Amino acid sequence: MKKHSQKNRKNSSGRSNRRVRRPQAPSREAILAKGGLYCPIDGRCGGCMLLSVPYNQQLRSKQAEMEALFADLLDGDTCIRPIVGMKDPRHYRNKVVSPYVGVYDKKARRRRVLCGMYERGTHRVIDSRECLIENQEAKRIILAIRDLMPKFGIAPYDEDADTGFLRHVQVRVGHASGEVMVTLVTREDTFPASKAFVRALIKMYPSITTVVQNVNTRQTNVIMGDKERTLYGPGFILDSLCGLSFRISSKSFYQVNVEQTEALYTRAVEMARLTGAETVMDAYCGTGTIGLVAARGVSGGPGAARVIGVEERPDAVADARNNARHNGVAAAEFVADDAGAFMRTLAARGEELDVLLMDPPRSGSTPDFLKAACTLAPHRIVYISCNPKTQARDAEYLVAHGYRIDEMQPVDMFPHTPHTENILSFERVGNSSR
Ligand SMILES: C[S@@+](CC[C@H](N)C(=O)[O-])C[C@H]1O[C@@H](n2cnc3c(N)ncnc32)[C@H](O)[C@@H]1O
């Protein structure tokens with residue numbers, strides 16, 4: 001029997017010890033010459049995977065992917081719109097989160113703090129000074145915090161030993177307002193240096209309008225804990241979207257690419273074809289953004305007569321009610337419930353619903369929600385999705401139960417990543433009177 005050489009012998013995990021040569025990454029010059037973007041940590045970071053692909057080519061591929069995915073569900077009369085891309089697809093992320101870890105620097109013979117992003121598929125932090133998709137002011141603040149930590153005796157968190165103090169920092173920047181919220185996620189509740197630290201940080205970055213401490217004492221991958229206290233400012237920021245103003249707290253769901261969100265919501269409400277007389281359901285409504293935009297109307301058109309929003313998270317529902325009050329929208333009400341259960345209740349009561357707007361999580365909707373939706377039989381359904389695969393599954397149900405897709409609109413919410421947001425509008429077949 002032929003023996004394996006030492007070089008080829010397999011280790012305990014069954015993998016060969018021989019070093020596998022990675023295919024050589026294209027050079028900076030080659031990427032830029034092709035029209036792509038160059039990032040020195042491209043390929044290692046878990047963030048964007050398509051940076052080196054020219055943006056127009058990314059858009060063409062995403063469009064082709066959507067058309068192929070829905071090919072069997074569209075008919076000859078479906079209007080397929082070209083994907084909405086960004087003019088400048090850089091620095092679009094208005095929410096930046098970074099872990100902080102301590103390492104021993106052999107060259108400098110001292111410990112230092114790293115911050116940045118995790119290496120793809122690991123919990124190793126890649127120290128990065130720049131990111132092509134993150135908001136630049138947010139990134140500068142993340143780095144400034146790293147530099148201030150030793151001066152205030154703030155130790156980075158050690159995940160294995162469950163020691164240290166600062167676990168993560170989240171920075172949110174209001175796209176239109178420019179207001180900045182910094183959330184410091186700490187392992188302990190007591191933060192002795194908090195006042196002096198916050199003062200020093202704000203002196204460096206006067207754009208910061210509020211600082212929040214979030215306490216996460218658990219040994220977990222989940223970033224945020226339950227307990228929060230405001231260290232500076234009001235504890236939230238305001239931002240405007242489609243002419244309305246929204247209150248964003250550290251844990252609220254708020255789309256990270258606000259420029260594209262304006263396009264997404266505008267197209268979704270246009271696709272609802274409101275006349276001013278409709279009762280509209282905003283299902284999976286988060287902080288009520290889409291429903292409030294529908295109540296107000298877009299592109300100079302009329303809004304809904306009445307909006308009912310449903311969302312399972314009570315804190316998001318509280319934000320939605322606040323947002324309605326704050327914008328003077330009286331025709332919107334928000335309910336904290338499971339969307340499927342709520343739809344079943346409405347269907348059992350025989351309520352009338354004209355238009356259903358739905359924006360479920362990546363897992364898509366549920367059979368009981370879709371069944372109740374078909375019983376309520378709104379004359380239009382507008383389905384927004386960040387995961388077109390589950391959207392295609394749900395669309396198949398709707399098409400089999402009395403609806404046809406009359407329009408499809410992909411939107412590029414996450415340039416340089418493989419993700420595409422997609423909007424489908426459905427009309428009820430043979431029921432134009434409602
Ligand atoms: C993709 S987000 C959309 C939020 C909102 N439409 C927006 O654009 O900001 C999905 C929302 O669905 C909520 N959700 C998830 N499962 C739910 C369920 N079974 N019932 C009600 N809401 C749910 C999540 O909490 C989240 O706020």
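Yeah, the Cβs are placed from backbone N, Cα and C, and that goes for glycine too.
For the S-adenosyl-L-methionine site that TrEMBL gives as GLN255, GLU311, ASP359, the extra residue drawn from TYR232, TYR284, TYR397 is TYR284. Of all Cβ atoms in the protein chains displayed, 26 besides its own lie within 10 Å of the Cβ of GLU311 (S-adenosyl-L-methionine binding site). Apart from GLN255, TYR284, GLU311, ASP359, the residues listed for S-adenosyl-L-methionine, the same chain places the Cβ atoms of PHE253, ASP282, CYS285, GLY286, THR289, ILE290, PRO360, PRO361, ILE384 within 8 Å of the centroid of those Cβ atoms. Applying an 8 A CB threshold to same-chain residues 6+ apart, the list for TYR284 (S-adenosyl-L-methionine binding site) reads VAL310, GLU311, ALA339, MET358, ASP359, PRO360, PRO361. Residues GLN255, TYR284, GLU311, ASP359 are listed as the S-adenosyl-L-methionine binders, and the farthest two of them sit 16 Å apart at their Cα atoms.
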